[in-house]
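Each remark here refers to the structure printed beneath this line.
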């Protein structure tokens, strides 16, 4: 019994001695170095991930890299480069539009992140305000350059785009995604917004009617005075609406809870902000500044783009510019409609239209007044009629408090009719001034 054991031990020791020599090290050492390299790589990866998760790198990744739409960000600097290197205004205009689109969408995203820290009502107001920041910046740049018709038509186009295209796509997508049930929303809140839109139509219509019926007391002056007075009234009305919404009757704007109990998984997903409060404020400043820089190049290229692309300035102002500015509203409205949260969709689409018509347009009139620019509420007959009919169509769509894909499809078709109308429309601003 002992001999085999000793032989076994000797055999084991004999095997170990040669394998512990240099030959063994040549075989074992590469394997050890691979393990060390792999461990170092894993450690460096985990360190990078920790740094991304904890530091500002994570914020940069989430805001500027994570979303697929950020692939369009390089078009902005490229547009500025081409502006100085070439005189191709059409190309500069298209690249500026592509460059502003992801910035507008990211601005909406950052505003939604800020809403986690401010509460839903103030967050919705912030979303509408910063969602319209792109339009306001473009409008102020155009107003500074004396392009009053571009300001009027781009703001009109933003209202039409939000009411018809954004809301239509949201209703259509939500109806397809939730085809097994009828989607509902808060009818009372939607009707208040419809009433404000009709009031805005009234404020815009009377200066146009006064001008085209030639019934002004003082030709040219009465129309401007009425526009400025109406703008101040509209700003007071919008301020009262905010007080009504935030302080006086906040329960009116509580969402309709159809099922009685919210899905906890959805709430968990949405209740966690991805970036901190100070990061959101910093990103709001950075994105707004970059949008304002690109807007200057975009406005400068409008007339040249109209000539080189053989496209009316009215079509560019009413249809193309608002699609860029409404990128944030478009994405978020469709997303919320597909999640069956139509109250947020209505707040984004119709709330944005209400804010442009009752705040941004009157604000631009007052800013033009301060700048010495003759900005008024006379949007001309064709534009005013288009707005009036569109508001009526949307008001009828919202009156029963329900949504389906057919309503969305009709709104999209209405927007196509509007777009075709402005493509063949010749702006007679010179004759009417």
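Just so you know, glycine gets a Cβ as well, placed from its N, Cα and C.
All TrEMBL annotations are machine predictions without curation.
What TrEMBL lists as domain 'Sodium/calcium exchanger membrane region' is 91-246 (among others).
Per TrEMBL, domain 'Sodium/calcium exchanger membrane region' is recorded for 281-422 (among others).
Below 8 angstroms of C-beta separation, residues 52, 91-92, 95-96, 98-103, 105-106, 109-110, 274-275, 283, 290, 293-294, 297, 300-301, 327 of the same chain, each at least six residues beyond the ends of the transmembrane segment (60-85), sit close to that stretch. What TrEMBL records for 60-85 (among others) is transmembrane segment.
Annotated transmembrane segment per TrEMBL: 124-143 (among others), in sequence order.
As annotated by TrEMBL, transmembrane segment applies to 155-176 (among others).
The transmembrane segment annotation in TrEMBL covers 188-213 (among others).
Sequence annotations record features per position, and here TrEMBL assigns transmembrane segment to 225-244 (among others). Note on the transmembrane segment (225-244): residues 125, 192, 196, 199-200, 203, 206-207, 210, 354-355, 358-359, 361-363, 365-366, 369, 375-378 of its chain, located 6 or more positions outside it, place their CB under 8 angstroms from a CB of the stretch.
Residues or ranges marked as transmembrane segment in TrEMBL: 281-299 (among others).
Feature annotation from TrEMBL assigns transmembrane segment to 311-338 (among others).
Per TrEMBL, transmembrane segment is recorded for 344-369 (among others). When Cβ-Cβ distances below 8 Å are used as the criterion, the transmembrane segment (344-369) is approached by residues 124, 127-129, 131-132, 135-136, 139-140, 143, 148, 151, 155, 158-159, 162-163, 166-167, 170, 174, 185-186, 189-190, 193-194, 196-197, 199-201, 203-204, 227-228, 230-232, 234-235, 237-238, 241, 253, 255, 326, 329, 332-333, 336-337, 375-377, 394, 398 of the same chain, each at least six residues removed from its ends.
For 381-399 (among others), the entry in TrEMBL reads transmembrane segment.
The annotation transmembrane segment is assigned in TrEMBL to 405-426 (among others).
Sequence-remote contacts of a segment are chain residues at least 6 beyond its ends whose Cβ falls under 8 Å from one of its Cβ atoms, and for the transmembrane segment (381-399) they are 152-153, 156, 159-160, 163-164, 167, 187, 190-191, 194, 197-198, 201, 204-205, 208, 212, 318, 346, 350, 407, 410-411, 414, 418, 421, 425.
Counting residues of the domain 'Sodium/calcium exchanger membrane region' (281-422) by DSSP class, helix then strand then coil, yields 119 helix, 2 strand, 21 coil. The transmembrane segment (311-338) is not in contact with the transmembrane segment (188-213), judged by fewer than 3 CB-CB distances under 8 Å for residue pairs 6 or more apart in sequence. Only pairs six or more apart in sequence are counted, and the transmembrane segment (405-426) with the transmembrane segment (155-176) gives three or more Cβ pairs under 8 Å, enough to call it a contact.
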